[in-house]
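Here is what TrEMBL records for this protein:
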- 4-266: domain 'Pyruvate carboxyltransferase' (DOMAIN)
- Asp13, His201, His203, Asn237: Mn(2+) binding site (BINDING)
- 392-513: region 'Regulatory domain' (REGION)
Amino acid sequence: MRKIDVFDTTLRDGEQSAGINLNTAEKLEIARQLEKLGTDVIEAGFPASSQGDFEAVRKIAQTVQSSIVTGLARAVKSDIDTSWEALKYGAEPHLHIFLATSPIHMTHKLKKTPDQVVEIAVESVKHAKKHFPLVQWSAEDAFRSDPDFLVRIVEKVIQAGATTINLPDTVGYATPAEYGAMFNYLKNNVKSIDKVKLSAHCHNDLGMAVANSIAAIENGADQVEATINGIGERAGNAALEELAVALHIRKDVYNFETAIQFQEIKRTSQLVSQLTGMAIQANKAVVGKNAFAHESGIHQDGMLKDRSTYEIITPELIGETSNQLVLGKHSGRHAFKNKAVELGFDLTDEKINEAFKAFKTLADKKKQISEDDLYIILTDQQIQEDDTPVYELKSVQVQYGNGSIPTASVSLKNPKGEILQEASTGSGSVEAICNTLERLVQGKVHLLDYRVTSIGKGRDALGEAVVNLTYNGKSSTGRDVAQDVLEASAKAYLNAINRQIVNERNRSLAKTV
Ligand SMILES: CC(=O)SCCNC(=O)CCNC(=O)[C@H](O)C(C)(C)COP(=O)(O)OP(=O)(O)OC[C@H]1O[C@@H](n2cnc3c(N)ncnc32)[C@H](O)[C@@H]1OP(=O)(O)O
Ligand SMILES: CC(C)C(=O)C(=O)O
Ligand SMILES: [Mg+2]
């Protein structure tokens, strides 16, 4: 079996999804989980794009041990030098440089001739090689590039020192046969191609990202680039979990293997959804809520007689548990701590105590505490590390009746430590809460999007609220989970604002350094 490397770009291309904005603690948490998942390379961000991304990539490079950590850079010296400062801590520093090669991009975006593009590509790879032992070079929009130009530029960047060549279908336009043919063409026409690792990077605009990635592997690609839950620019990237499971389940056809630890798939998918606020569609392959649900009588009859009638992937393969009661309101701190360790959390005693308090509060209200609930409580503690003073919800009360105007009263502590109270009406309960909060916080807020979903099963399942807004002109996403969706909504709203306050403080600290 040929081993295929998995390059995860959830934290870079995935974060480019509209509405996603992860902070350093959240990125670090996802990177740790990607390491457990067995990804060969983690693209942690774009260090030159912002101080926040620089910090996140630096922390991830310092923390992650068993996956290679990389970051994206334009073919620009200052991007490369900044990336080095963030990535130099890795055991094998790796940089990912990209430059567009299609006529459309060269003419309209870069405004460069093909010869100039070759020169810039070669110079940037040579410059990167002064620092980095591993340099991946991507021909952005490779699929819409002239194949002979690709052959020429790829040969030159290999001569300049590139160690991996990536040929993306940047706009998700290729069919599997066409994308495979491009790899075949380069394999047969670039003289030095066997000196480098060949990589595929597919987007899902026509729903073919996973199929295209597999076609690339069949035609010589050694590495596939993908994201958890398929998040990414526009319609997203190839979904990592779908790719890995497809190669595994159909190894009889493909004969390829990856180092992905299948047991970690469900957990990774949930974590990414929880921290990005991007819901997973119920019927999504492998990780959707319905992926293992059998609804109709004939299917249920078949499943009861023999699971192989309708089940080609078992939920156990991807680490799906039955989610039965694990701890209850009479459980003590020791059992709680043991369970946290068993679930893979490494928290200080102080954070365990905070999580334990949240667990007891929930256990008082909810009959059964599931593993999903524990993950939410523990992850919330794990990602809390900033001590910037922010808004804190003290209480929220809503008066609602179908014949009256909903009214919300809210009390909160502001970043100066003052307790403020306000009341306001709205056409619904959530709008009343948002209107009240808008009066209480300092600055201009504009609500863009709001969503509630349930976590886990049953009528007492936790409610998750995701709020997308602009605060003083900057877009931000907040998320929170509570047993009551109105409380979750108020907290999610404040979390979005608090995120901007923390970002602002980090930006001003960076300027003073
Ligand atoms: C296919 C992909 O996913 S590519 C990755 C996309 N990801 C991102 O863009 C996220 C991070 N980006 C950012 O934060 C910003 O765009 C920055 C910091 C990188 C650059 O910001 P700005 O300097 O304000 O430039 P802006 O984004 O408006 O324009 C991009 C510039 O880079 C140039 N450029 C684009 N790609 C490349 C490249 N690979 N190498 C060199 N220059 C490039 C463009 O031609 C344009 O140059 P111009 O100003 O001379 O016209
Ligand atoms: C930066 C490159 C690899 C990219 O994301 C794309 O071309 O889609
Ligand atoms: Mg991409």
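Every residue, even glycine, has its Cβ placed from backbone N, Cα and C.
Curation plays no part in TrEMBL annotations; they are all automatic predictions.
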Neighbour count (Cβ, 10 Å) for His201 (Mn(2+) binding site): 30
Measure from each Cβ of the binding-site residues Asp13, His201, Asn237 to the atoms of ligand 2 and list the residues where some distance is under 6 Å. Asp13, His201
Within the domain 'Pyruvate carboxyltransferase' (4-266) only, compute the mean pLDDT. 97
When you measure from the Cβ of Asn237 (Mn(2+) binding site), which residues in the chain that are at least 6 apart have a Cβ under 8 Å away? Thr9, Asp13, Gly14, His201, Cys202, His203, Asn204, Ala209, Glu225, Ala226, Thr227, Gly230, Ile231
Quick check: in three-state DSSP terms, what is Asp13 (Mn(2+) binding site)? coil
According to DSSP, folded down to helix, strand and coil, what is His201 (Mn(2+) binding site)? strand
Within the region 'Regulatory domain' (392-513), how many residues are helix, strand or coil going by DSSP? 40 helix, 52 strand, 30 coil
Inside 8 A of the center formed by the CB atoms of Asp13, His201, His203, Asn237, which other residues of the chain have their CB, for the recorded Mn(2+) site? Thr9, Pro168, Thr170, Cys202, Asn204, Ala209, Glu225, Ala226, Thr227, Gly232, Glu233, Gly236, Ala238
